[in-house]
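Asker: Here it is, the structure, as structure tokens.
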Amino acid sequence: MTDQTQSSEAKYSTPVVARQSHLWILSDPRSGEEVPGSVLFIGKDNEPLGLDQLEKGKSRDGLKRGPNGVILDPQPDDHESDPLNWPRWRRECALWTIGLYSLIGGGQTPILAAGFNDVAETYGVTIPEVALTTGVYMLGLAIGAIIVSPFAIIYGKRPLYLVGAIIFCAASLWSAASPSYVSLVIARVVMGIGVSPCECLPSSYLSEIFYLHERGFRLGIYTLLLLGGKNLVPLVSGIIIETKGWRWVFWIVGIIIGALVFLLFLFVPETYWVRYAHPPHRPSLMHRISGITKSTLSILSRENGKSGALPATNGMGGNGCEQTIRDTSNTVEKGCEGGDIDMKEEIEATSNLSTGSLTIQSGAGTNHLQIALPSPPARSPNPKPKNSTLADLPGHKGPNIRYTRHGPKASFKSQLTVWNGRLREDNFWKAMIRPLLLFSYPAILWSTVVYSLSVVWLIVLSETVAHIYQKNPYNFTQLQTGMVYISPFIGGVLGSAVAGRLSDVIVKFMAKKNNGLYEPEFRLVMSIGVMFATSVGLMGFGWSAYKQDFWIIPTIFFGIISFGCSLGSTTAITFAVDSYRQYAAEALVTLNFSKNILGLAFSLFWNDWLEASNSKVCFLALGGIQLFCLLWTIPLYIFGKRMRAWTVRKNLMGRLE
């Protein structure tokens, strides 16, 4: 063998490490691209010629597409009763009905913000004791979240919406008629339990009726209404308290929720659906092999100044060359003898799905391509056999057969059924514990922190406005104090609009830059605005109130805080749902449980701290906490994909299934 040949072989046998990151997101060494949450979103750059001959609405591998060419995720079943196939008006009606329910429910936390002094005078208690009614309300939300989650998983979401709304209505009337402070406290706890479904269920509910590319905007609308209630309801309640008294606030809420029960009954059907497995949302295996081979040939060809052919050693004739290209997730071994690969030769392919290996052998036996690829990820390391017949379906003898593609078409009347019995065989207590396990999932932990802070800051401000605006130098009335909430309402609308629509635009743009592959970490780009808007708003509000600046200055900062909080809550929810859509229901319980416990904790000490210190010190501390927590977004963006792969390997949630 000549020196030239040895040099050539050495060159080609040197491992060539494939790209380990794109857009600064590191791939997992053991899983490669196949990580739950990563979705082939836009396949334009990966499509071969001849797609115009395929059935309209489908890609080359049979995946269904939307009108704009985006691959639909989740893939809908070919059945009209699949919630993803509901008419647009039906899905939008469900969204806006739940949104209106959440608007009123979300506003119950600061509903007495403008009337703290009035309630204190009515019962002869202190302002911190009145603030405690907000804390115990959040305690009720936390208790409700723990109860609602397993019931929703096992029995469906529809009955919980209706029962929760009825409890909410009754507790509102109870609060209005409370003869004592203790009675009001108990009524607020019960109210929190009744309101909890509108916090825990909508995000997972919406993920079941809207596709991935539609989800950000719809979750933005939901978040706008949920957090908008925290800004709009105190504004309206301030007017009511000024003219009618604080009790009338709860009377009116009870009347509105009574009407909403009827709307929920008509327009919020059950979304439980047994969805069958579809091919992974990635290019087909042969297409991926083709892509690997093509890129490999390009690398090797550039070394020899050729294009589209394997490089051959000059003057070697029949002598072969062995090339090995390796990276941390894929291994490609090529043996070549002679010239180029003849693409017309008969190809025989054998695959071993258990090991993820595949061998392609040419008819002549002279050229071979052996590729070891990671096995497709599964929700559980030991998945149960797939249901192949109707008899194999879970609960096929029960009412949930109607929620499969084997069931009959559901009419509008049949969807009005309130109780369908047990839909899943999950253990109730295990389902109750699962949300707590999600604290060990980095993506959910980050979402929990950001969501909790985003909501709690608004609650803290609701307990602060009376302290600041109804004292010197402002001396606002209840009506004027309520009107202060115009600023955060506008900020919340803008924040939700930006977080919803702009977030979808950004992820589509980044997916195109990432060869059509969507990563949930793309949502984290929005956290830049969350960090600066919320931190600056908190610090500016406290400082300007301490300096007793003209009332419009702290009010503007209040609006900036609301903008950042709306942006943060929407980003946290969409990131959590996109990372682990299969655990969306449990994830929202984790987020809301943490938020409510944190809100309860702040209600126990916030007013005393504010009285003992001053607004500048307190709000500078809050701004610092916000800034510190959001800085952790940077490592999460870079290592988030590896963290998601790690959670799949550990499979903590799967152990409780």
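The backbone N, Cα and C atoms fix where each Cβ goes, glycine too.
The following feature annotations were taken from TrEMBL:
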REGION    49-84  region 'Disordered'
COMPBIAS  53-64  compositional bias 'Basic and acidic residues'
TRANSMEM  93-116  transmembrane segment
DOMAIN    94-641  domain 'Major facilitator superfamily (MFS) profile'
TRANSMEM  136-155  transmembrane segment
TRANSMEM  160-177  transmembrane segment
TRANSMEM  183-207  transmembrane segment
TRANSMEM  219-242  transmembrane segment
TRANSMEM  248-268  transmembrane segment
REGION    369-404  region 'Disordered'
COMPBIAS  374-384  compositional bias 'Pro residues'
TRANSMEM  436-462  transmembrane segment
TRANSMEM  482-503  transmembrane segment
TRANSMEM  524-545  transmembrane segment
TRANSMEM  551-575  transmembrane segment
TRANSMEM  587-607  transmembrane segment
TRANSMEM  619-640  transmembrane segment
Asker: Can you say which of 136-155, 219-242, 248-268, 482-503 has the most Cβ pairs under 8 Å with the transmembrane segment (93-116)?
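Answerer: When the Cβ pairs under 8 Å are tallied, 219-242 comes out ahead.
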Asker: With the transmembrane segment (524-545) as the reference, find which of 136-155, 160-177, 248-268, 436-462, 619-640 contributes the most Cβ pairs under 8 Å.
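Answerer: That would be 619-640.
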Asker: Using a Cβ-Cβ cut-off of under 8 Å, list the residues of the same chain that are 6+ residues beyond the ends of the transmembrane segment (183-207) and lie near it.
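Answerer: For the transmembrane segment (183-207), the list is 94-95, 98-99, 101-102, 105-106, 108, 119, 123, 132-134, 136-145, 147-149, 152, 157, 160-161, 164-172, 174-175, 215, 218-219, 222, 226, 271, 573, 577, 581, 584-585, 587-589, 592, 596.
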Asker: Taking 3+ C-beta pairs under 8 angstroms (sequence gap of 6 or more) as contact, is the transmembrane segment (482-503) in contact with the transmembrane segment (136-155)?
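Answerer: Checked: the transmembrane segment (482-503) vs the transmembrane segment (136-155), no contact.
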Asker: Please work out which recorded stretch in 219-242, 248-268, 551-575 has the most C-beta pairs separated by under 8 angstroms from the transmembrane segment (160-177)?
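Answerer: Checked against 219-242, 248-268, 551-575; highest Cβ contact count belongs to 248-268.
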Asker: So which residues does the transmembrane segment (136-155) touch in its own chain, when a touch means Cβ under 8 Å and the partner is 6 or more beyond its ends?
Answerer: 108-109, 164, 185, 188-197, 199-201, 204, 419-424, 426, 428-429, 431-432, 434-435, 459, 585-586, 589, 592-593, 595-597, 599-600, 603
